[in-house]
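As recorded in TrEMBL, the features of this protein are as follows:
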type	residues	note
TRANSMEM	B:32-55	transmembrane segment
DOMAIN	B:60-248	domain 'ABC transmembrane type-1'
TRANSMEM	B:67-92	transmembrane segment
TRANSMEM	B:98-118	transmembrane segment
TRANSMEM	B:130-149	transmembrane segment
TRANSMEM	B:182-206	transmembrane segment
TRANSMEM	B:227-252	transmembrane segment
TRANSMEM	B:272-297	transmembrane segment
DOMAIN	B:331-515	domain 'ABC transmembrane type-1'
TRANSMEM	B:337-359	transmembrane segment
TRANSMEM	B:371-390	transmembrane segment
TRANSMEM	B:396-416	transmembrane segment
TRANSMEM	B:445-472	transmembrane segment
TRANSMEM	B:492-514	transmembrane segment
Amino acid sequence: MAPEINGPPGVICAGLAKTWPGGVDAVRPTDIQFAAGQTTALVGASGCGKSTLLRMIAGLETPSAGTIEIGGEPPAQTLRKAGLSVAFQDPSLLPWRSVRGNIELALSLARRPVDRAAIDQLIALVGLEGFADTRPAQLSGGMRQRAAIARALATEPRLLLLDEPFGAVDELTRQQLAQDLPRLWEARGTTTILVTHSVTEAVMLSDRVIVLSPRPAEVVADIAIDLPRPRAPEDARKPGFAAHVDAVFAALSQAGALRDRPLAAQ
Amino acid sequence: MSAVAGYAAPATGGSGRGTAIGLLLVVLGWELAARALVGAFVLAAPSQVLAWLIENRGLMGRALAETLGNAAAGFVLGNLAALALAGIALAFPASQRIVTGVALVVFCLPLVATGPILRVIFGPGDGPQIVLAALAVYYTTLIPLLVGMRAAPATWFDLIASYGRGRVSALIHVRLMASLPYLFAGLQIAAPAAFLGAMVGEFTGAERGMGVLTIRAMRALDVEMTWALATVATAVAVAAYLAVGAIARRVLQDAPPIILAPPRAEGAEAGIGRLLLSLAGVAVAILVLWWGAIAVFDLNPFFAKGPQDVARALIWAPNAAMARASLGAALGETAVFLLPGYLAGLAAGAGLAILFVLAPAVAGTAMPLAIALRSVPIVTTAPLIVLLLGRGALGTIVLVAVMVFFPTLVACIHGLKQAPGQVIDVFDSYAAGRLQRLIRVRIPAMLPAFFAAARMGVPASVLAVTVVEWLATGAGLGSMMAISASVSDYNLLWSAVALTAALSALGYAGVGLIEVRILRIYAPEQLT
Ligand SMILES: Nc1ncnc2c1ncn2[C@@H]1O[C@H](COP(=O)(O)OP(=O)(O)O)[C@@H](O)[C@H]1O
Ligand SMILES: [Mg+2]
């Protein structure tokens, strides 16, 4: 496959596996394809290996076996071009930089021009108008998460990797963020991989949900979410939505993922 | 790696009035005591000190300018050296144990002996003062820097890597910024220490400076002058400490963390085998550096003795038995002063800290004062203690104890505050009393800070005891080094230096071993 220059890239994992030094098997040899321009959710019990999988795709961890291609290139190549962004569960903002400063840092690390007006616009878009020059310590948890998403989007990545991006905030804030922010990357047609342990969130945000087994991670179900977009929070009560949520839960419980950590409450 | 560090904000903020009141009380008590003891010729009242200073302002001003200049030069050099060493440890992580080990041994070199040796190498001039000032500061900057360089969460480095950037970007955007508070904490301790180093350097044959005046005042038994010099040295030390703190608060918008001590060696748990291995590594590195320095600087073999000379002098020279015996005797004399003082300082520091926790109102006033006094170069007040308590055992022991006391007090108060609030809540819910809470929760939480102070107290107390022996009591290793330097018995001098540095560094490591054993029982979570 020739590397695509313009559109969002597809991601192909072939025989991908990770064994930590010390012998913990985190990911069993796995084939997964993430379609270009789609949002794919990875769900599974805590500790099953979701982050490990995502970090291998992000080029932050070397696989023990198998290959990853992002638009036909290995992750290292994509990294070199700063073609992807990661949003971590912890917002990981540098405390000595303001919101704007953190976004500017991402842009300069990615060797992109720093356009003040564009940054202001992005800050407003994530709902942080008036907080551009505030440091993270003065922001609430939800606001920090918004800033982290703004930073991840600032470099206009073709591949967006989200590791429980709404995981570190309370439930109400989480719902609010899950409603406000995904629009931003959906509008850009980015290829998005979203790790979450909330089934409702996965169904709400994705075109497709991949269910992983408890550690070592293995694909146990691949469920297409063919619900119309845009989706509103009320849609969660509609039968079509509920059917998808049930399907994901069924796959999770079949995999034994529900044995030690019930997810229904999420 | 773990380090004992915390933020000083509550201690320095908002209690300016308490500090002022405390200071006023001290000055008042001093004046009254001086009037009461007026016939004893040991204590000059603040009013007399002031009068002396005004009368001799020209002399004092010139000496202060000289010493400040040397201290500043040493401060810059020492901190640059610390930066360079931290850079090496960062670039080659495997070298960190060796770098910190060698740095510790060099830091443990007794200033009273390196002074005369440097004097021979440099001849007259400012060289020795500046080098001693640098030696006094680089370790207290290096250790916080090493902690700070690693004090960033892993995701910050992931962030840098996720934009395809490597170690250089991580250094610039994460490590340097994250280590700034720690750097300032180190510099804050270093600023007064540089002044101390420069003064000790001037004790050994300089022509000008505060150290020279101190010696002169002591020889002349000039009580007012001695007190005036000690007062100025103290004021300069506290001012330097506060000035760096103020700069830090402007730059960081936060008080710098109180760095109480170096991190425990990585893998302190790793077992005796690895410990011996790194010990051997440090020893080899020291020997190579020692040889190398003599060869590279082409030092005169008459006074520059290498490790082989020291070994010969102590093992197979015809009079080796005599050298060993006199070293042993001196060591015994020193130990008699050192150990009681060291233990008393630790006990008093920890005990007072516990009292403060039981009476928090007192702590509010006393803590800022204790933090400021921690920075006082106690050794420069040695002549005072000699004046007050005489040249006998008591004066020396008190000086060593005071030297250990302040850092221990500050560290322990800080450690006691670290007790996790939730655990205390659990105890409250069982209506456990203050004492129960103290024994079960707070004291275990205090132990890491206490041991950190106990480790740093080893080189500090060796410095104190050797300075007093050399200035005043005429006994022990300090005096032996002074005498062997003045009669040009360089084999004995270098042997004494090597012995003192080795024992001091081993004492430091020994406290670290006890620390691991005790923490394993009382605070196992602190070892992770
Ligand atoms: N750096 C690491 N070294 C060793 N083991 C790790 C490391 N990171 C994660 N693991 C282990 O790999 C497994 C999967 O972890 P992770 O991918 O973080 O799970 P998830 O994100 O699904 O909660 C866990 O058992 C975890 O303990
Ligand atoms: Mg995870």
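One is the number of the first residue shown, and numbering goes on along the chain from there.
Including glycine, each Cβ sits where the backbone N, Cα and C put it.
Remember, predicted model here, so these are calculated numbers, not experimental data.
Same-chain neighbours of the transmembrane segment (B:445-472): 2, 4, 104, 107-108, 110-113, 200, 203, 215, 218, 260-262, 333-334, 337-338, 341-342, 345-346, 349-350, 353-354, 378-379, 382-383, 385-386, 391, 395-396, 399-400, 403-404, 407-408, 410-412, 414-416, 418-420, 478-479, 481-482, 500, 503-505, 507-508, 511-512, 514-515, 518-519, 522-523, 526, counting only residues six or more beyond its ends whose CB sits under 8 Å from a CB of the stretch. Under the criterion of 3 or more C-beta pairs below 8 Å, with sequence separation of 6 or more, the transmembrane segment (B:130-149) and the transmembrane segment (B:492-514) do not qualify as touching, having fewer than 3 such pairs. Panel annotation: around the transmembrane segment (B:67-92), residues 99-100, 103, 126, 129-139, 141-142, 145-146, 149, 171, 175, 186-187, 190-191, 194-195, 197-199, 201-202, 209-211, 236 of the same chain, lying at least six beyond its termini, place a Cβ under 8 Å from a Cβ of the stretch. Scored by C-beta pairs under 8 angstroms, the transmembrane segment (B:492-514) has its highest count with B:98-118, from the stretches B:98-118, B:182-206, B:227-252, B:337-359, B:396-416. Counting only same-chain residues 6+ beyond the ends of the transmembrane segment (B:337-359), those with a CB under 8 A from a CB of the stretch are 366-367, 393, 396-409, 411-413, 415-417, 434, 438, 442-443, 446, 450, 453-454, 457-458, 461-462, 464-465, 468-469, 476.
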